Amino acid sequence: MPQLGLLPGRAWAALLGQLLRPPRVVCLGAAHSHSQVAEAVLASQLKPRQEKSNFILKTPKGTRDFSPQQMVVREKILDIIVSCFKRHGAKGLDTPAFELKEMLAEKYGEDSGLIYDLKDQGGELLSLRYDLTVPFARYMAMNKLKKMKRYHVGKVWRRESPTIAQGRYREFCQCDFDIAGDFDPMIPDAECLKIICEILTGLQLGDFLIKVNDRRILDGMFAICGVPESKFRAICSSIDKLDKISWKDVRHEMVTEKGLAPEVADRIGDYVQCHGGLSLVEQMFQDPRLSQSKQALEGLGDLKLLFEYLTLFGIAEKICFDLSLARGLDYYTGVIYEAVLLQTPAPAEEEPLNVGSVAAGGRYDGLVGMFNPKGHKVPCVGLSIGVERIFSIVEQRMKTFGEKIRTTETQVFVATPQKNFLQERLKLIAELWDAGIKAELLYKNNPKLLTQLHYCENMGIPLVVIIGEQELKEGVIKLRSVATREEVAIKRENIVAEIQKRLFES
């Protein structure tokens, strides 16, 4: 082919015409240009939309939006939680929202059916994370870490039937704190329970109780009651429902659905209806049947030590040894716990909000080893705070008492009473921003002063700086208190310092 630059003029024009001519496509025996094909495709795409006259604009089932007012409350809750985690020396961590499907398999027992699986994307089978614990264990194994104290705040997804009134969703936020490493018994476990107490006290949700048990006590109890070992996890999952349904219904499920002998179920019933403090731990040591189980005795020994530490922390009165607590997740191996509110503030005409547990956790010494090719274990214990349930309680309380919420943190509003002062306002607000002051103005060339002042009152902005012809001439800025409506003239060069002083004093 000759070089383009050497072609004669006519030949160049002819070649250019060929290059620029739109290609022809044959479609169903007829020739169509690109534009005709594009129109046909566009029409086919639009047609289904036109037919969806009953389309409902909504969020997916079990999810929700959060308004600016709700976000303020939510951020305050999260700040209290994360501040506590940091106070106890935790480092932050984040992991992907989805994991390889095989990473989550066989970690959640009967709850595995609640995992959201994703369509094959590029040859990898993926699932949305069900909790933050398994991804943490994967992270520890993948990076060959032997110890870590971490916190993680993130969303998780579960395909359960949402109960919005009880703060249960399919997409929700979890706040986790975990201590990984080989340490002396029950010291990290006691700290986890102390953290739960600190957070629930700080959130001022009312009185609460933390139930504790141990998986080894449960397994020992199942063994001496005659439960086949192959049914341990299935029966444990049934026991875990005792906070939601009656013992009669749980017994029926164990016997009818899971094939447990009725007399075995009755023996279990004698134990799971026991709850108390350190005295119950001592009583179980003397139990003629339970004391025959080495596993159960190990668990009881750790619980006794745990109560000693809890007494030193000053929180033993908040802890209850409850033999019905099971925590259905398969990966727990030792101490388990769950915090419940004893009463939720509610107006006389409304039912109290029943949100179930607001925090839970336990020891899982074998989970990291599941991801290690050689099975090397890293003992772990942790907790998870139920943010959505706590938010439901706080939200109901705020509605009850009609609390007003500021949705912004603006400290100063830059206003003018006159036209053609946009440039001066922009220079002034830039100075405030550069000084770290939170400031706003209206995005109009010539806003009315009354409109600007009303905006400040509606948004709860405490201070207004006013600049006009008179102020410009005198080299001052008027500083106005929105609450008292008092105004004072401040020299232009001193305005930032004066604002900072007032904000500090408030």
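Glycine is no exception: its Cβ is also placed from the backbone N, Cα and C atoms.
According to TrEMBL, the protein has these features:
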{"type": "BINDING", "residues": "ASP131, LEU132, THR133, ARG158, GLN174, ASP178, ARG327, TYR331, TYR332", "note": "L-histidine binding site"}
{"type": "DOMAIN", "residues": "62-417", "note": "domain 'Aminoacyl-transfer RNA synthetases class-II family profile'"}
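Summary: among the binding-site residues (THR133, GLN174), the fewest other C-beta atoms within 10 A of the C-beta are counted at GLN174.
Residue density at ASP131 (L-histidine binding site): 20 other Cβ atoms are found within 10 A of its Cβ, drawing on all protein chains shown. The number of other CB atoms found within 10 A of the CB of ARG327 (L-histidine binding site), across every protein chain shown, is 22. Per-residue pLDDT, averaged along the domain 'Aminoacyl-transfer RNA synthetases class-II family profile' (62-417), amounts to 91 for this model. Cβ neighbours within 10 Å of TYR332 (L-histidine binding site), excluding its own Cβ and spanning all shown chains: 25. Of all residue pairs in the L-histidine-binding list (ASP131, LEU132, THR133, ARG158, GLN174, ASP178, ARG327, TYR331, TYR332), the one with the greatest Cα separation is 21 Å apart.
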